[in-house]
Ligand code: SF4
């Protein structure tokens, strides 16, 4: 299943392209500029007979001032603005649900196609420090996921499709814009400080669009984020970790969740294809890559704590052994149970005992705070609920239509 997904994502057209939105009945399809890299946008302007530097100007309007209306792009000539309006657009995915939690967590559900199965979610988690300045956005890369990790709500929804670059960067655009709705254009700034590609889907199975979107995150004409603050999290697609290392300098996180192959095969089935020895070796290669010192000093290890499953002290000791030659920081995540989840959350005491073994062995080991519980911030949960509501609404509409049909045929 994962192999098919790898080949489908690698088969993506080599062109650095934007999404063509489906035409409405009488309109010509417009090119969406939102997900275009600087190089692609420069090419686009050249194809219009314009100078390349227009790309940077438009990118700043779109990604730094959150302007989607070409008429407001005041440093661009009226003639060019008219031309742009005719052939292109700047369009983020449609927000169908948003919720802002009391603790500062924000969550959005986006519709990226027809029907209840075409929803993705994005979560913004503010740091629990005095300044509250750090805001981390967890971005989705696919609709659903093919990898079926046994503790994951997204995996249970199955794989629908890969997201396009504009649907991926659109999540960051919407999150930033949500803080700027009432701010004068000239005063606007970017609020999201950190991005983790850790939402729905396996980002390395949607490689090209993810790399294209992440290059916009790093681009000074777009979000200009520090490469240390942009993290890709993978369940361990070994050949793609190497490929990522060749193309982009960003921080790497590994969803490990088990310290031995037997248990990991059960929790993260892709482990059967790329077992731990291969995975750890690829992470070592990633951080050793020349010329990439700042973003790659260590790998972050994500480890969800499942009661009685992977949280025993012997597991902590196995972790110490497994990671001894890999510079790593470990993040223990208390499991957030979802309906029909086959696991429970480890107790606080158990998590702390696990942490102590790792800290005593010299690892930096943190416990993730559970945030946004009031808005179902665990990956995949809110989409599940919104999908249920959409499905119910669709069933209701069908029922009403059937009843009308019956009444008509009787009348
Ligand atoms: S944990 Fe990540 S890779 Fe595994 S099923 Fe969920 S979304 Fe997919």
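Cβ from N, Cα, C; glycine included.
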Checklist entry - From 1-25, 26-50, which range did TrEMBL mark with region 'Disordered'? => result 1-25
Checklist entry - Rounded to the nearest angstrom, how far is the Cα of residue 121 (active site, proton acceptor) from the Cα of residue 145 ([4Fe-4S] cluster binding site)? => result 13
Item to check | Same-chain residues at least 6 apart in sequence whose Cβ lies under 8 Å from residue 149 ([4Fe-4S] cluster binding site) | outcome: 155, 235, 255, 257, 267, 268, 269
Checklist outcome for this item: Cα-Cα, residue 152 ([4Fe-4S] cluster binding site) versus residue 121 (active site, proton acceptor), nearest Å, comes out at 14
Item to check | Candidates 145, 152: member of the binding-site residues with the richest Cβ shell (10 Å) | outcome: 145
Checklist entry - Tell me, how many other CB atoms lie within 10 A of the CB of residue 121 (active site, proton acceptor), whichever protein chain they belong to? => result 25
